[in-house]
Amino acid sequence: MALRFPRFSQGLAQDPTTRRIWFGIATAHDFESHDDITEERLYQNIFASHFGQLAIIFLWTSGNLFHVAWQGNFETWVQDPLHVRPIAHAIWDPHFGQPAVEAFTRGGALGPVNIAYSGVYQWWYTIGLRTNEDLYTGALFLLFLSALSLIGGWLHLQPKWKPRVSWFKNAESRLNHHLSGLFGVSSLAWTGHLVHVAIPASRGENVRWNNFLNVLPHPQGLGPLFTGQWNLYAQNPDSSSHLFGTSQGSGTAILTLLGGFHPQTQSLWLTDMAHHHLAIAILFLIAGHMYRTNFGIGHSIKDLLEAHIPPGGRLGRGHKGLYDTINNSIHFQLGLALASLGVITSLVAQHMYSLPAYAFIAQDFTTQAALYTHHQYIAGFIMTGAFAHGAIFFIRDYNPEQNEDNVLARMLDHKEAIISHLSWASLFLGFHTLGLYVHNDVMLAFGTPEKQILIEPIFAQWIQSAHGKTSYGFDVLLSSTSGPAFNAGRSIWLPGWLNAINENSNSLFLTIGPGDFLVHHAIALGLHTTTLILVKGALDARGSKLMPDKKDFGYSFPCDGPGRGGTCDISAWDAFYLAVFWMLNTIGWVTFYWHWKHITLWQGNVSQFNESSTYLMGWLRDYLWLNSSQLINGYNPFGMNSLSVWAWMFLFGHLVWATGFMFLISWRGYWQELIETLAWAHERTPLANLIRWKDKPVALSIVQARLVGLAHFSVGYIFTYAAFLIASTSGKFG
C-alpha cells in the first residue's frame, strides 16, 4: 500500500476524514510525537534543520544584495544619501495603467520601483560597500554559504557524520564554543572588518582584495599594540567637520571613546563602534574559556548549580537538580533561548533609533519607523513562544522527583501567590490608567481642558537628568557641572554624549511629560496582562485545582467533557492563544506611541503630541484618523498616487484581520452542518460531481479553528499597521 500523508504518524495516516491533513500539518514539526522517534534521531533531526534554516537566511540576504545590485540605485544613492530615495527592486507589472507607471517611477529609475525602507543601503554604505560590484560579490558569497549549509545539513544525517546524543548534551563544550567562537571570534572578525575596510572607506580610502595587504589601517601599524601604547590608536580622531566618505576633516584614530554622534551622519562614530566590538570580543573570548571540558580546569556547570543553595533556606534546595532537568529538556533550552532572544530583539528596536549605528539612517524617517515596528513585533512573537515552550517543558519533561524542593518546584508550590500578584498589578494599572484617560476625555468633551488630571513623570525625568539631560533643571549627577561624575568623564566620552543627549534633533532621551506618563502605564498594563496570561498558562500546565490531571491531556485540548464543571479553555495552549492577542494589543500601543511622538518631533510640532496624548479622543483623532487621511487617498476619483499600494494593503490587511473573526467566533457544529450541506449539493450537481474526494470533509477542531483565526488576526493586524505606518510617514517626509 502506498504511504499516505503523514508518514510520521501511521495512526493519523489511516484517519478517513480531512482531519488527517490538518493534524498532519499541525504535528509535522513536533518530532517528539512521531512514530519510531528515538532521542538520538530527535536531536539529529533538529540539528539538521538548523542547517536548513541557515541556508534559507543566507539565500534571503543574498537575494537582497542581488536585487539591489541589479535593479536598485545604490551607486547613485552613495553620491547623495540624504536626497536620493533608495530602491529595493523593480515592479514588473504595475496595475492600473499609465498613472501607476508614473506614480511608481521614482528614485531616478527608468520604470516603476519599490522604495527600500529596510535600512540596508545605510548599512552597506557604513560598512564600506560602494559599488554594485561589491553587492554582487556579497550576493555570490552568501549563495555559496547557503549551498554549504544545505550540504552540511545533508552530511550530518549520513550515518558516518551523525553526532551522538552525548555530543548534544555536552553543555560545557557547547557553551565554550558558542561564547568564544560564535560571539568572541565573530566580534573580533567584525572589529577587523571595521578597522581594515569600513573606517578607511569613511575617510575616502577604498580597501578591497587587491590592496588590503598594502593599506595600513593606522599610520603606526601594530607597533602600539606590541609596545603597550594602546592610547596611540585613539589619538587624532575624525573632526566634527568630517565629511563622511571623504578625507575632508578625517583623522587617523581607529579605536576611540568619543561618545555622541557624527555631526553629519547623525550616527555613532565608526571608531567608537570598532572599539566596542573589540571589547566585546575580548570579554567573550575569555568567557569561552571558563567551563571545564577535556582539560580538567574551569567550572563545571553542574557543580555551580548544586552549590547555589541560598543560606536563608527560603529557596529550599536552591538549584539542585536543575542541570539534568535543563540539559535533558529541549523545550526548557528553547524556552530560555527564546526568552533571551525576545528581550534582545526588543532592545535592538529601542537602540536602533536612539543610538543609530548606520550613517544617515537617522534622517530616513520612514526606515526608522519601519525598523522599530518590525523588531518590536518580532520580539513579541518570540517572547510568547518562550512561555509556550516553558509550558510544554512542564507537561512533557518536568520530573518532580528530580526537582524536589528546588527553585522550580517552589515556583510551582507558590504559583497562586505569583498569579494573584500579577493579577492585582494588572487590575491596578488597568483601572487607574483607563480612569485617568476617561476623566481627561470627559473634561475635553465638556470644554474644560484645564480640569484634566496631568501627572508629570518626575522620577523618569530625574533618571534622564542623572544621565545628563539638563532641560528639567534637576542638577544631579551628569547634569550637574560641578559633580565628580561630570568631571571624571570630561576628558573622554562625556562631551560627545552630553551634546547628543541635549540636542533636540535626535531621539536620545526624548523630553517626556503627562502624555508619556499615561501611555507608559497603558503599556505597563499590556505587558503585565500578557505576562499574567503566559505565566499562569505555564504554571498551571501540569494541573490546577479544577483539573489536577491536566498534564495527562497534553499541551492543547479543547475540553474534558461536561463532567467537572467546565474544563474548556484551560489548556496551556489556550493561555498562549489568549496572550498573543494581548501581546499584539500591547505592541500596538508601543508602536502608536513611538510613531506619534516621532512624527511630531520630526515635523517640529511636539506640542501636538503633548496636548493630544492625554485623552483617548486625542489618540483616535489626532494620531490614527489624522495620519490615515493620506493613506485613504491613495485611490480617489481623480486617479492614484504612489501611496496607492499602501492604501490597497491597508484595506487588504483589514480584510485578513476581519476574516480571523469568522474562525474565532463561529462554532464547530455550524461549520460541520454547512460542510455536510455543501458536500451533499456537490455530489448531486452535474459536472461538479465528477470531482470526488477520498477523505470525508469535517470541520476544523476547536483548537485548529482558533489557530487559524489567531493567524489571520495577527497577520491582518500587522499588515494593516505596516501600511498605515509606511504610508503616513513616507507621505509626509518622502
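Here the Cβ of each residue, glycine as well, is placed from N, Cα and C on the backbone.
Feature list (source: Swiss-Prot):
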| type | residues | note |
| --- | --- | --- |
| TRANSMEM | 46-69 | transmembrane segment |
| TRANSMEM | 135-158 | transmembrane segment |
| TRANSMEM | 175-199 | transmembrane segment |
| TRANSMEM | 273-291 | transmembrane segment |
| TRANSMEM | 330-353 | transmembrane segment |
| TRANSMEM | 369-395 | transmembrane segment |
| TRANSMEM | 417-439 | transmembrane segment |
| TRANSMEM | 517-535 | transmembrane segment |
| BINDING | C559, C568 | [4Fe-4S] cluster binding site |
| TRANSMEM | 575-596 | transmembrane segment |
| TRANSMEM | 643-665 | transmembrane segment |
| BINDING | H654 | chlorophyll a B1 binding site |
| BINDING | M662, Y670 | chlorophyll a B3 binding site |
| BINDING | W671 | phylloquinone binding site |
| TRANSMEM | 707-727 | transmembrane segment |
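What Swiss-Prot annotates, mapped onto the structure for a quick look.
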{"residue": "C559", "record": "[4Fe-4S] cluster binding site", "Cβ contacts under 8 Å, 6 or more apart": "T567, C568, D569"}
{"residue": "H654", "record": "chlorophyll a B1 binding site", "Cβ contacts under 8 Å, 6 or more apart": "G716, T720"}
{"residue": "M662", "record": "chlorophyll a B3 binding site", "Cβ contacts under 8 Å, 6 or more apart": "G709"}
{"residue": "Y670", "record": "chlorophyll a B3 binding site", "Cβ contacts under 8 Å, 6 or more apart": "none"}
{"residue": "W671", "record": "phylloquinone binding site", "Cβ contacts under 8 Å, 6 or more apart": "A699, L700, A705"}
Assigned element (helix, strand, coil) containing H654 (chlorophyll a B1 binding site), judged by DSSP: helix
C568 ([4Fe-4S] cluster binding site) CB neighbourhood, other CB atoms within 10 A: 13
Chain residues outside the transmembrane segment (175-199) and at least six past its termini with a C-beta under 8 angstroms from it: 126-128, 207, 212, 215, 217-218, 254-255, 270-271, 273-274, 277-278, 280-285, 287-291, 293, 301
Candidate ranges 135-158, 517-535, 643-665 - greatest C-beta contact count to the transmembrane segment (575-596) (under 8 angstroms): 517-535
